[in-house]
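In TrEMBL this protein carries:
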- 12-30: transmembrane segment (TRANSMEM)
- 56-78: transmembrane segment (TRANSMEM)
- 99-122: transmembrane segment (TRANSMEM)
- 276-294: transmembrane segment (TRANSMEM)
- 301-321: transmembrane segment (TRANSMEM)
- 333-352: transmembrane segment (TRANSMEM)
Amino acid sequence: MKLIDKYILKKFLGAFIFTVLIIVSIILVIDITEKTDKFADAGLQTPQILGYYLDFIPWIANFITPLTVFIATVFVTAQMAGHTEIVAILSSGVSFKRMLLPYLIGSTMIAVTSFVLTGWVIPNSNKSRVAFEVEYLKSKFYFDKTNYHIQVAPNTYLYIRSYNNQTEMGYDFTLEKVDGTRLLEKLSASRIKWDEDKSKWVLSNWRKHSITGDVEKIEEGKEIDTTLAIHPSEFDNDYRSQDAMTIDELNEQIDKLRLRGASNVEVFEVEKYTRFTSPFAVLILTFMGVIVSARKTRGGAGFQIALGFFLSFLYILFFIMTKTIAEAGSMNPAFSVWIPNILFGGISLLMYKYVPR
């Protein structure tokens, strides 16, 4: 690595860290201001609040990484252009493509680190962050779905007329195993309740109807303990649950929801694909940032930095819009999360024609 590469890389990474610290600090001030009353109402102590923000800071810092990388790139490059450093570099025989190398190295380092963090590290800290928000910052959750009907295994269907997540009790329970249109087994109960000590469901006033060939068998009783392919946690508040899942856990959740024919599988698919597209967003926005700010302007670096902010927020707007559409099931999740990258990547290539050589 040449001296000029080390110089640019050092400035780029330094500006990135500085930008992250500034933006995260602003977000923290706003967030604390908004939540102060809720903290007081919940009677939270300082150690609890500090613990929450120790989980919150890594999540928000990683979440805004594409934005902060872009702003840092524009800031560094515009500053170099304003000091005629880029002109001097290009005049020395270094091509514009070659000058991009330290930016590529720096953005790749950030992208890989961000991918590892968002894929496996931060979701684990998000488990406590999300649990804290559900417990203290959100309204008490009541499971209000009725006639809950899901597929829990191949050819096996579960039905609960209603469920109370506060008492962990369900009513009018049925579990059916079928072979095509033929019923093989039906287990029903007037009530089911979770037994925390046994980690099993207790069925009250149960009745089991089995059919083997031409032989029918009926069993019934007052109470019986059994294991089912559901857990009380599935009836709890699912607020931001995708944030608290690693990529492996997201894959498992998506497979489970698809098997059950659930309507909210797109939320988890969008989260999964976003984690794979985010590193590419870092690279694309770094490339665009250099192109936007490489030319020296009469107004100095201020205009280019302002343009950088405008384009970064435009990217966020497109990202939020396509993500919302995909989560609603109106667009393929795998394609929707790539739209901002494809659009801004195309714009960057068009702008590349007009950069100084």
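Here the Cβ of each residue, glycine as well, is placed from N, Cα and C on the backbone.
What you are looking at is a predicted structure, and each value in this text was computed from that prediction instead of being measured.
At the 8 Å Cβ cutoff, the transmembrane segment (276-294) and the transmembrane segment (12-30) share fewer than 3 close pairs (sequence separation 6 or more) and do not count as touching. Proximity of the transmembrane segment (301-321) to the transmembrane segment (56-78) is established through 3 or more Cβ-Cβ distances under 8 Å for residue pairs spaced 6 or more apart.
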